[in-house]
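Enquirer: The feature signal peptide is assigned by TrEMBL to 1-22. Under the heading transmembrane segment, TrEMBL lists 274-296, 338-364, 370-389, 410-431, 443-466, 487-520, 526-554, 566-585, 597-625.
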Amino acid sequence: MAFLRSIVFSAVLLCLVHSAFCFYLPGVAPQDFVKGEVLEVKVNKLTSIKTQLPYSYYSLPYTAPKKIQDSAENLGEVLRGDRIENSLYVFKMREPQMCNIVGKVKLDAKNAKEFKEKINDEYRVNMILDNLPLVVPIKRNDQDSTVYQLGFHVGLKGQYSGSKEEKYFIHNHLAFTVKYHKDVQTESARIVGFEVNPFSVKHELDGKWDEQKTRLTTCDPHTKHTVMNNNSPQEVEENKEIIFTYDVDFQESDVKWASRWDAYLLMNDDQIHWFSIVNSLMIVLFLSGMVAMIMLRTLYRDIAKYNELETQEEAQEETGWKLVHGDVFRPPINSDLLCVYVGTGVQFFGMILVTMIFAILGFLSPSNRGGLMTAMLLVWVFMGIFAGYSSTRLYKMFKGSEWKKIALRTATLFPAIVSVIFFILNALIWGQKSSGAVPFGTMFALIFLWFGISVPLVFVGSYIGFRKPAIENPVKTNKIPRQIPEQAWYMNPAFSVLIGGILPFGAVFIELFFILTSIWLNQFYYIFGFLFLVFIILVVTCAEITIVLCYFQLCSEDYLWWWRSYLTSGSSALYLFLYATFYFFTKLEITKLVSAIFYFGYMLIASYAFFVVTGTIGFYACFWFTRLIYSSVKID
């Protein structure tokens, strides 16, 4: 009783404290700047939707500070390939600057080739100011609205008028716009926007080059001469000198700090997104309702009929699912492997559920870079205890006794397969000298999370699960297996399994399009509420389609339902991979072999994880269904 009172008191105290203080995640708390305060722009990775291989900013010969300092990054940022570093772009709050010279670079053959390759592959430069990513505003021609693209292109390809020769031009002048929201009382301000308009300008020196006193004729703050689009562009060629410059303007905005990410998150026409999801939601709910109604009515009639059988002659004439009651709970072939996959599926299901709850509560917003991936990894590790528990409970039901062997396989099978694919992909990315390659330190951290935390937790869960009494079957199993009669063509295992995966995939494929777009086209994904609804629909659909096909299978006197129930809903992963292949050829412009291997490698991992999750949902639904119906009838 005292313990309960202390909990209630703590809860009341927490509510009172919450009214006085605000809680912010690290790195996303508001920061106030007074006039003249120094604002440091940080540079991030170079990205391209054509290659999918990120590179650090200073992998190109941009002008760099004397000492390049890496910002502290979380696990998710490192795995995403982020490399956040300091730069020579330094502003002063609410003090506009014109034609600031950053530095000069003379290109040799190697540097010119590197710039040309990045321009060819349409690489974009990403920068960050006060945790806000740099965007390029683009006015829509058809509407009076603005869309924002993350980062600016390294350069562009073009031709001089009257010439057919294609040239490469670099964006060496950046016109920044910093938007701020002013506090009327304190005169301080918060940054609510960070935009840029890039130019390619062939700068001309007014006299000789001097790092401290150099003046340019192409732009000069003294004469108020600004860079215009009609300036001669800066070519990328060997022995060419490139002068990097920037302007910065400050604009007061009515947008408050809490709403400053709205412009980033409303990049696309969200009406199509919402309509598509709601349309899919209604169709799947309607189909699920019909399936559930048919199943309930049919089962009710079957159970009532079987329970009314009184004479031995009537009992001998019984057919359908009751006829296989002596074999339906017979352990399947490779039951150990089934236990391992079920445990892994429970681990994944828990990870998805907990991560989505955190995302819906706002802990994993796009402003918390890398937070989503970090949370997924950590939750996966700690869900190992449930993986071990569920796999061992099922293993003990199958009369198994070597629980440590099952625990070890549960802890290592799925991660080992994923690790092999991951190491191969990482080696290929490392060969391309991309920042997307995971460093050895991060690799060690991942191995520690696996063997240091996940594996012990799986063993703890397995020990707890094995100590529990074995699950008792509602009917006894015959010693001699019953012969399965010849099945109709539509009850063929391969056919029914493939058919069963269509409906679960149909529940998610529209949302899948937006998820793939956010991952591979460098856009933000933020509608976690709708994603959670789609996940619930997926769970219901997997359960229902597996139950329906399992019922038909048992009615045709085929009692080998264990693996088929797992594969029925799990086959939706095959359609996911096929859709990813379709997406690759229709939406992406990847031409490099390494990039294609990178894409299909990660989509293979995603499809494998989807198979484990959906298969486990289908298995448990069928497991519950068979126990329910066989415990509801009178079996002599």
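Quick reminder: no glycine exception, Cβ is built from N, Cα and C everywhere.
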Enquirer: Go through the chain and flag residues at least 6 beyond the ends of the transmembrane segment (487-520) whose CB is under 8 A from any CB in it; none is fine as an answer.
Expert: 49, 52, 273, 276-277, 279-280, 283-284, 287, 527, 530-531, 534, 537-538, 541-542, 545-546, 549, 552-553, 556, 558, 564, 567-576, 579-580, 583, 587-588, 599, 614, 618
Enquirer: Do any residues, 6 or more residues outside the transmembrane segment (443-466), come within under 8 Å Cβ-to-Cβ of it, and if so which ones?
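Expert: Distant Cβ neighbours of the transmembrane segment (443-466) are 75, 343, 377-378, 380-382, 384-393, 395-396, 403-404, 406-408, 410-412, 415, 426.
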Enquirer: Determine which residues of the chain contact the transmembrane segment (370-389) at the Cβ level, with the cut-off under 8 Å and only residues 6 or more beyond its ends counted.
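Expert: Same-chain contacts beyond the ends: 25, 73-80, 82, 343-344, 346-348, 350-351, 354-355, 358-359, 363-364, 407, 410-411, 446, 449-450, 453-465.
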Enquirer: Please figure out which one of 338-364, 526-554, 597-625 racks up the most CB pairs under 8 Å against the transmembrane segment (410-431).
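Expert: Between the stretches 338-364, 526-554, 597-625, 597-625 has the largest tally.
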